[in-house]
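Report on the following structure.
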Protein chains: 4
Amino acid sequence: MEIEIATIGGYEEVGRQMTAVRAGDDVVVFDMGLNLSQVLIHDNVETEKMHSLDLIDMGAIPDDRIMSELEGDVQAIVPTHGHLDHIGAISKLAHRYDAPVVATPFTIELVKQQVESEQKFGVENDLVKMDAGETMTIGDSGQVELEFVNVTHSIIDAINPVLHTPEGAVVYGLDKRMDHTPVIGDPIDMKRFREIGREGEGVLCYIEDCTNANKQGRTPSESVARRHLKDVMYSLEDYSGGIVATTFSSHIARVKSLVEFARDIGRQPVLLGRSMEKYSGTAERLGFVDFPGDLGMFGHRKSVDRTFKRVMKEGKGNFLPIVTGHQGEPRAMLTRMGRGETPYELEDGDKVIFSARVIPEPTNEGQRYQSERLLGMQGARIYSDIHVSGHLNREGHYQMLQALQPQNVIPAHQDMSGFSGYVNLAESEGYKMGRDLHVTRNGNLIQLTE
Amino acid sequence: MEIEIATIGGYEEVGRQMTAVRAGDDVVVFDMGLNLSQVLIHDNVETEKMHSLDLIDMGAIPDDRIMSELEGDVQAIVPTHGHLDHIGAISKLAHRYDAPVVATPFTIELVKQQVESEQKFGVENDLVKMDAGETMTIGDSGQVELEFVNVTHSIIDAINPVLHTPEGAVVYGLDKRMDHTPVIGDPIDMKRFREIGREGEGVLCYIEDCTNANKQGRTPSESVARRHLKDVMYSLEDYSGGIVATTFSSHIARVKSLVEFARDIGRQPVLLGRSMEKYSGTAERLGFVDFPGDLGMFGHRKSVDRTFKRVMKEGKGNFLPIVTGHQGEPRAMLTRMGRGETPYELEDGDKVIFSARVIPEPTNEGQRYQSERLLGMQGARIYSDIHVSGHLNREGHYQMLQALQPQNVIPAHQDMSGFSGYVNLAESEGYKMGRDLHVTRNGNLIQLTE
Amino acid sequence: MEIEIATIGGYEEVGRQMTAVRAGDDVVVFDMGLNLSQVLIHDNVETEKMHSLDLIDMGAIPDDRIMSELEGDVQAIVPTHGHLDHIGAISKLAHRYDAPVVATPFTIELVKQQVESEQKFGVENDLVKMDAGETMTIGDSGQVELEFVNVTHSIIDAINPVLHTPEGAVVYGLDKRMDHTPVIGDPIDMKRFREIGREGEGVLCYIEDCTNANKQGRTPSESVARRHLKDVMYSLEDYSGGIVATTFSSHIARVKSLVEFARDIGRQPVLLGRSMEKYSGTAERLGFVDFPGDLGMFGHRKSVDRTFKRVMKEGKGNFLPIVTGHQGEPRAMLTRMGRGETPYELEDGDKVIFSARVIPEPTNEGQRYQSERLLGMQGARIYSDIHVSGHLNREGHYQMLQALQPQNVIPAHQDMSGFSGYVNLAESEGYKMGRDLHVTRNGNLIQLTE
Amino acid sequence: MEIEIATIGGYEEVGRQMTAVRAGDDVVVFDMGLNLSQVLIHDNVETEKMHSLDLIDMGAIPDDRIMSELEGDVQAIVPTHGHLDHIGAISKLAHRYDAPVVATPFTIELVKQQVESEQKFGVENDLVKMDAGETMTIGDSGQVELEFVNVTHSIIDAINPVLHTPEGAVVYGLDKRMDHTPVIGDPIDMKRFREIGREGEGVLCYIEDCTNANKQGRTPSESVARRHLKDVMYSLEDYSGGIVATTFSSHIARVKSLVEFARDIGRQPVLLGRSMEKYSGTAERLGFVDFPGDLGMFGHRKSVDRTFKRVMKEGKGNFLPIVTGHQGEPRAMLTRMGRGETPYELEDGDKVIFSARVIPEPTNEGQRYQSERLLGMQGARIYSDIHVSGHLNREGHYQMLQALQPQNVIPAHQDMSGFSGYVNLAESEGYKMGRDLHVTRNGNLIQLTE
């Protein structure tokens, strides 16, 4: 059976991921993502109202024109998890394909919300839920099967899809960390990866998330971040003034830790900001997390302001607002707090906890610096970098290669410089560029078997 | 009563700490340290055989000539803990003073060993043990008392000495981290610091360890490093080849964690290298740590080689050698393993765990880089930076100021650039340079009361 | 005679410089500057309309309340050169003092323009011109004299004022580079500095610009930047498309080089942007520079747009627009060109020359990065860092100390961390902190003689 | 005619360059280099005595086994210039090929010296001189011709060889800077490159030196470094003590500038150290540079010591020793001077000029830091980084692509991360990886035409 990989987006950058795998006549698309930084550099852009071609020109969403060269029918669109760089282009591109979106329940719910907010296109693809550990037949050949293997990432309900073909498995490895003790959900299913590496024809191809491939060692478990966060928050137990925390709003495990430690030190947590409400609300509704019954989540400006007023009245010392703004985004809640634009008044000695790392790009670094300066001018004391990455470091990649023993590897989710560490690793494991190590770019086709 | 501080060493650098406090007629000396990097830059220097004046000229030990200007008698020499930059000059300088060395038991034992290895001077000062929480009368005035407050650092049995005088307490704050959950020993005694801040005349002066004063946030607890290390070591449970670890040999808590996790993953730990044997052996003998009965510790070249041969014979997969060499020191054990100079043969895929951070100085960085390259050429996989600092970051300094409310502060244990973060902090807390914030240098006298 | 120094502003930061020297009953104020970054962090602030007290609270202008403690009359306000951090607060503070502003002609002209744009205060101090090499009697004692020594900086007509007193000279050393071959004006007058060091009582006190005190070596001459710029521009001689350059608009020597090399490679230079017009227009009007008769300078939006349209019509290849925006400032000309908001259309292969360095602060770095990204998206090729600093590096400081042999030194124009290199240097030359090396902060008085 | 490229060495690193081009039955080898850092990491290695296979295993010289897969005869071995990473393996590999070494006169002379010092192999290949601008017929087909195009680099007499074939030219672009005003020799022959781009079949393939491909802008001309050096040295004209300079010993243009400026400021230059004597002596003998008749060059320890003694006796102020040691190499002259191991006594205020940049690798950085510390401990004042690179930055690469318009490009002389900037550039110019942009590794064959 002919197996062909179209590397459509995210092979020259982090963002706008999209990859298609053709097995005979059947095609499965993995991820359709949005590169938000390509949007934000322009003033006054509203992606909801924009046409896909304009977004392609901006480099914001994948250029999927190469799909017409794939001789097969798209049978499924499979986002691996709910981050925007993996699902953000579904509302712009999915309607072109007569295929369902297949994903885990939490991811499906986020896709649904995104499709609903879309204003330019009507997206009517079926949304099909499938859990980690489950499989689905693809196409009519009876020979191709889609499996979801549970992985651990900085968002819940993440999987690595595996396309089983007569020629071996194609493992789409975006995005994950090798976490044996995640705070929510099951550990990464390394046992299943090892089985896939050994069973049948083994692994024909492994497409790997190279975000951190240049970083040494092992990405720590979320438990390590949780232990670190606990250390910080417990150390503030005696403080009677204001404490504010921020993290990635989609990072439910982290939000859960913040909520729990807030209670442990005698504070009522409250989630503030639209995306905080969206992600945590969804996770709770779907049963992924069991927040305290009285946990407030407020997204609309009015209810946020009302909450802040209540906090000021009842005493900042009784609350832990968990807000947006970890990258210093100019309009996010925490930045506005630094500017004194909310009813929450920071005072000398108040604490601000960034349970996140600055995404290393000068724009973010500049904005975060401004935000910290503003907070500092109000007297805030800053705690930063209480975080672990959601992506494999070098030794995680090494262990995945040991587990899967793939015949071909394709580095993804980085630019050329970002691939370099992975190339070195793969070569030290006996792969050879141009033979079985495919360093590629957006818009290419790689034929694996004929 | 006249209170005067002589800032003798370690006020222009990290290393060769020495401070004297005069309260009326009585003088107490805190620390007598060695700056090893000033020694190592020269070829073939053996400090054991050198005269103190030559070492002073090299900038290796404190220039204590200012002591002659202090009108009082030295009643005690008080090292705060057993690191070389705090005790390393005792064998060169203490014999000039007719006073006992007073320290905690572990520190006293290390001082004793150092004095015994000294070849130039005969040091016959009494060595007096005093535990954290205890006090001692100083001199004959009946008005001055020395107290040891328990603190947490990267070595066990560390204290902050406090000199109680009629004018208030002088708190000598070197070196510590604010650790509420250390792996060995008691948490930092913040309760006592707060009491000292409130009782009697309060705190007249606080001398502070500024090593990390330019670093944001809070230094994590050793428990966080332990959790991180556990994550790394458990992730290697299935590996059947060689694993080697290195850390600061004086860091007993870390060695203990390495030993325990080695057992957890089915390996027999073994400590190799002279300083490994020295520190861990001493800690065990004094009852600070309870290692497994069969834990091997070998310092001499011959017994190390014998052990390595046994490891090779019985299978590397059954052992965890814990060795010296975390900074890539050219003659340390791990570097020699990288050069293939020991019987331990590294193979493709073997793991090397650096439970330490490179001390950020180009010499160390160059040597560590070389060491990692050599290890990598043998096939080793590297895990680095599994560590937390032993020194307060900025928020720890903030909390200490809140607790002690000192009338005067003196930043120490850094150069001018390293003091800058502390100066900013102290000023934001209302201190003023030249009034109650004393930025000083080696060889100065600061008169606090008349 | 009592000599006293009030270190009012710019001793904890770069920006808002202000220092007062009292010699007996007479006081001279050196510089009254504005720290623009403290203004820009706030949204929508118009300094022209603000009260000085609010600007003091923001940390934007010097807090001159310490002046009331100086027992003498202000006889002159002496800005050293025309940069905003040295003259920007004159319109807010000078009216409080019954004293003329004394400065070189170019600086006086810039002060005049600033005072005219002020909307809150009426500033009616006399504006008195004095050239480098000239002197002026200060007060009625007949013993105090003000001298201007010619120095070289990144703006023309810069001087170091020297206050001659019976106790020796007070040399105010802000801001300069030691340039023996400047492109405009005379070399730094080291001969005169050496004389001042030797004559009479020598130098009682030297206040030094420490901006680059942590940088090794010697700051190159403007001639080196000019040679570098020539190399870049001549290398583009064959390019027939658009070339755009940007630099500090107050940097007349650099603008002159750009103008000349533009002509050499067959292009008509044109200066665009309000501050470009302001500084270059002033310099030409005062005869400091002799631009080609037909050199266009346009500041108003309308005339800029008209010029751009003419450039587009007659061919970009015939012009070199020299514009504002070297730091990526969001509203500057070059950034707007990157956004496609001007009639100048960038095309693939067009060149943008940054004859400036990014001021190293995350805000600037973020904005400059955004600007370069936008320009790159239009196809522009970027040439950066064609620049030399206007401030002494370490060896310049060394040579100044050799020349002046001052009895006291006061580091200025930096924060504590920035002072550190200067402190190390001064100590290696025999100065001692707290004795004759005065590390100080905003708002302090230093009494030098009684 | 079949054209094939074997990318043998230097495609995964900087160092051990080697590339072979087959045109029909004829093969030309470009460069045979040594990667010295792979040698130096081991203790006590003497390359002169080592076998090529051991050096291949160490990664020190190219693994030329792929040559057996090239179906043709090697007609010439063509080193582009005399740096070790281009000629250092000739003594180990050339004897395997029945072909002359063809190079410019200066390069040939250096090859000759290297071959003479070889102790393991007898290398008897003919050494054939050919000047820039000349051509030579390759093989018997009458269709292949080798041309040398003059380029500018940090060593004199550098060329880019061009192999003219019926299918177009293969331009081997290692190593160069685009210098229109070099200090010695002719400017880069861009006119000829442009002709080659246009004439006949144009350029079939361009192999490019990517050392600096990630660096923005244009590499400045050697004239800029010369102007910078002049600025530094003239600024020291009044200093009457010792001045010492160091630079790359093979960098004849820089040595010439040092020699000339030494005279200008009244000092007698003298070249000290074995490699100083070797390169400058050779350049003078061959007439590339016209040093003053009395310029001393001393390589042997004894004559160096004698010279130092004479300098000390006649007064350091009369001399400028130009010595080895710019990277802080532990045994180089300058490092030994820092250790006080030579008769030259450094004193407070003496100057050390590093007319070189640290090659950015932790080993060098550590050693250079140590060297500067030692020099500083003797009182030396340090001037660093008075240098320009010998390699094209990004805009040089852009201009080469514009000039040559090659059908294929092959990035070389870097690792994968180092290639990334070049890949981005080439893609923005319309090349596509896997089609006409060949990102490759050591040991690959690229078939360009069939």
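Glycine is treated like the rest: Cβ placed from N, Cα and C.
Record note: TrEMBL gives A:His81, A:His83, A:Asp175 as Zn(2+) 1-binding, and the candidate from A:His95, A:His153, A:His164 in that site is A:His153. Record check, TrEMBL: Zn(2+) 2 site residues include A:Asp85, A:His86, A:Asp175, and the candidate from A:His397, A:His413 also listed there is A:His413. When the binding-site residues A:His83, A:Asp85, A:His86, A:His153, A:Asp175 are screened for a C-alpha within 10 angstroms of the C-alpha of A:Gly390 (substrate binding site), the residues that qualify, in sequence order, are A:His153, A:Asp175. Each residue in A:Ser154, A:Arg177, A:Asn212, A:Thr219, A:Ala225, A:Arg357 lies on the same chain as A:His387, A:Val388, A:Ser389, A:Gly390, A:His391 and has a C-beta within 8 Å of the C-beta centroid of that substrate site, without being one of the site residues.
Within 10 Å of the C-beta of A:Val388 (substrate binding site) we count 22 further C-beta atoms, all protein chains included.
Taking a C-beta cut-off of under 8 angstroms and a sequence separation of 6 or more, A:His83 (Zn(2+) 1 binding site) has the following same-chain neighbours: A:Gly33, A:Ile155, A:Asp175, A:Ser250.
Excluding A:Asp85, A:His86, A:Asp175, A:His413, which define the Zn(2+) 2 site, the same chain contributes A:Gly10, A:Val14, A:Gly15, A:Gln17, A:Asp31, A:Gly33, A:Thr80, A:His81, A:His83, A:Leu174, A:Asp209, A:Thr211 within 8 Å (Cβ to the Cβ centroid), listed in sequence order.
Neighbour counts were taken as the number of other C-beta atoms within 10 angstroms of each residue's C-beta; across the binding-site residues A:His81, A:His86, A:His387, A:His413, the minimum falls on A:His387.
What surrounds the Zn(2+) 1 site, by Cβ distance within 8 Å of the Cβ centroid and not counting A:His81, A:His83, A:His153, A:Asp175, is the set A:Thr80, A:Gly82, A:His86, A:Ser154, A:Ile155, A:Ala158, A:Leu174, A:Lys176, A:Gly390 from the same chain.
Each residue contributes its Cα atom, and for A:His387 (substrate binding site) and A:Asp85 (Zn(2+) 2 binding site) those atoms are 20 Å apart. Looking just at the domain 'Metallo-beta-lactamase' (A:15-228), the mean pLDDT is 96.
If you take the C-beta of A:His391 (substrate binding site) and look for same-chain residues 6 or more apart in sequence within under 8 angstroms, you find A:His153, A:Asp175, A:Lys176, A:Arg177, A:Asp209, A:Thr211, A:Asn212, A:Thr219, A:His413. The two recorded residues, A:Val388 (substrate binding site) and A:His81 (Zn(2+) 1 binding site), show a Cα separation of 18 Å. The DSSP secondary structure for A:His413 (Zn(2+) 2 binding site) is coil.
A C-beta separation below 8 Å, combined with a sequence spacing of at least six in one chain, links A:Asp85 (Zn(2+) 2 binding site) to A:Gly10, A:Val14, A:Gly15, A:Arg16, A:Gln17, A:Gly33, A:Leu34, A:Asn35, A:Leu36. In this structure, the C-alpha atom of A:Ser389 (substrate binding site) lies 17 angstrom from that of A:His86 (Zn(2+) 2 binding site).
Counting every protein chain shown, 25 other Cβ atoms lie within 10 Å of the Cβ of A:Asp175 (Zn(2+) 1 binding site). For the recorded site, A:His387 (substrate binding site), the DSSP three-state label reads coil. Neighbour density at the Cβ, taken as the number of other Cβ atoms within 10 Å, is lowest among the binding-site residues A:His153, A:Ser389, A:Gly390 for A:Ser389.
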